[in-house]
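The following features are taken from TrEMBL:
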- 18-459: domain 'Major facilitator superfamily (MFS) profile' (DOMAIN)
- 12-37: transmembrane segment (TRANSMEM)
- 110-129: transmembrane segment (TRANSMEM)
- 135-159: transmembrane segment (TRANSMEM)
- 171-194: transmembrane segment (TRANSMEM)
- 200-219: transmembrane segment (TRANSMEM)
- 268-289: transmembrane segment (TRANSMEM)
- 309-331: transmembrane segment (TRANSMEM)
- 343-362: transmembrane segment (TRANSMEM)
- 368-387: transmembrane segment (TRANSMEM)
- 399-421: transmembrane segment (TRANSMEM)
- 433-453: transmembrane segment (TRANSMEM)
Amino acid sequence: MLGWCWSWIPRRYIICFLCFLAMMISYIMRFCLSIAITEMVRSHHKNSSYIAPGTCPYDDLDPANSVPKDRGEFTWSEETQGIVLSSFFWGYVVTQVPGGLLAERIGGKYTLAGAILVPAICSLLTPLAARQGVWYLVGLRIIMGFGQGFVYPSLNALLAKWAPVEERGRLGTLVFAGANFGNIVSNLLSGLLLSWTEGMWSILFYLYGGAALFWLWMWSMYGYSRPEDHPGLSTSERKYLEKYSAQVHMQTKLPPTPWRGILTSVPLWGLVVAQIGHDWGLFTIITDLPKYMKSVMHFSIAQTGVRAALPYVAMCVVALFAGGLVDFLLAKKLTTITVSRKIFTTVASLGPAVGIVGASYAECDKQTVTLFFILGMGLMGFFYPSLKVNCLDLSPNYAGTVMALVNGIGAISGIITPYLVGLLITDNTMEQWRSVFLIAAAVLLLTNLVYVCTASGEVQPWNEPPAPVDPEAHRHGVRTIATDDLTVYDSQLGFRKTKRETY
């Protein structure tokens, strides 16, 4: 029945939709702990209605929030909580590059399946591990990170095969917007479930782990690594995708990865720096916003879930708008890929920096605080059709490896920020949290400046395999020239043919 319903939809859209779901589910499993931990850990004060200095008063008009209930099972310190929340990234950064290499060699279908299966099992085991001891939970989160380290490289390898240049803004945005939808579900649904079940946090991990296993079944039925592997691809769509592959000089069998070219590429390192800044700001909010809203703003768990989800709703809307906008601007030749990537990335850095700092200075005005987070994080949606797809611009052939390198180094922010918050936030006061937000804003702005000075939207020379040289002529000392057609992307002229010469 499902196959009949999808029969009229182009297969590249089905693949991208399933990739969107994979991204959403991976983020749900990754970050649901951020809100669950607010119910897992017991207050350090014997009186649960105690109001720490420098925090906001409870809302006496809200019966659900006027007398908070302390249902926590564990007595972890803020520093210990920071270790638990950061431990995922200890494993995550390690498997990025191996994940990219493997995705390019065996196909994104298989690496993406593994990237969902391992975290699904870890999610189902999380309640057991937490009750055995905090270090069991830390170890399990590290294993989950190992598995999810394959997600982004796999998705980029799949997009490089399935997303033509003229659709890359929309399809890339759709896929990577799954992260925001995951954050919405993780906060909204988790907050409501924790409220309805009076703090039964273990149900979250069982529910999300089961959803991941259901996605795996769908992916086994409808997922394919390459268009040429898909038996249901129409003739017209096959020709369209083959034309795209020829345009960007895609290789079906890649030579060894050009590490020297990759590691000496200035645009690539500018991209790495920008990713560090983006991840610093994003992970600060994803990991710690629920704690800020509950511990400082004193929202109920249901309110925390709803209000923490709203910034990601805004980010999704803005991301989809920005993806269509950049495709329109490029189609009308109103800008170049390079310029559009720089402008959109700047908006995605400046907006959140202003938003989170503004929220910290709004203090206990709960509506204004929420509005600042919504506006600031909403503008981060411009990141998806800019910085996030820039790897595909630089190297369609090695998109998985490039994304692995960029995402892996950027994810170091995920190790640092939760632990730094645990060190800085000793009393959960407004002033301590303001210092956290000011640091995040400074990192966002400084890293964006580096990106603007170094970024490129053009295919890099190391994307192309070396041209063949006649071995007979070389052995006899004859100077020969081997030429073949090469398609390059010119920011002013678009795709054009040129000749490559090797002496």
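Even glycines carry a Cβ here, placed using N, Cα and C.
In the predicted model, the domain 'Major facilitator superfamily (MFS) profile' (18-459) shows an average pLDDT of 87.
Sequence-distant contacts of the transmembrane segment (200-219), counting only residues of its own chain at least 6 positions beyond either end whose CB sits under 8 Å from a CB of the stretch, comprise 18, 21-22, 25-26, 28-29, 32, 36, 39-40, 109, 112-113, 116-117, 119-124, 126-127, 190, 193-194. By the count of Cβ pairs under 8 Å, the stretch nearest in packing to the transmembrane segment (399-421) among 110-129, 135-159, 171-194, 309-331 is 135-159.
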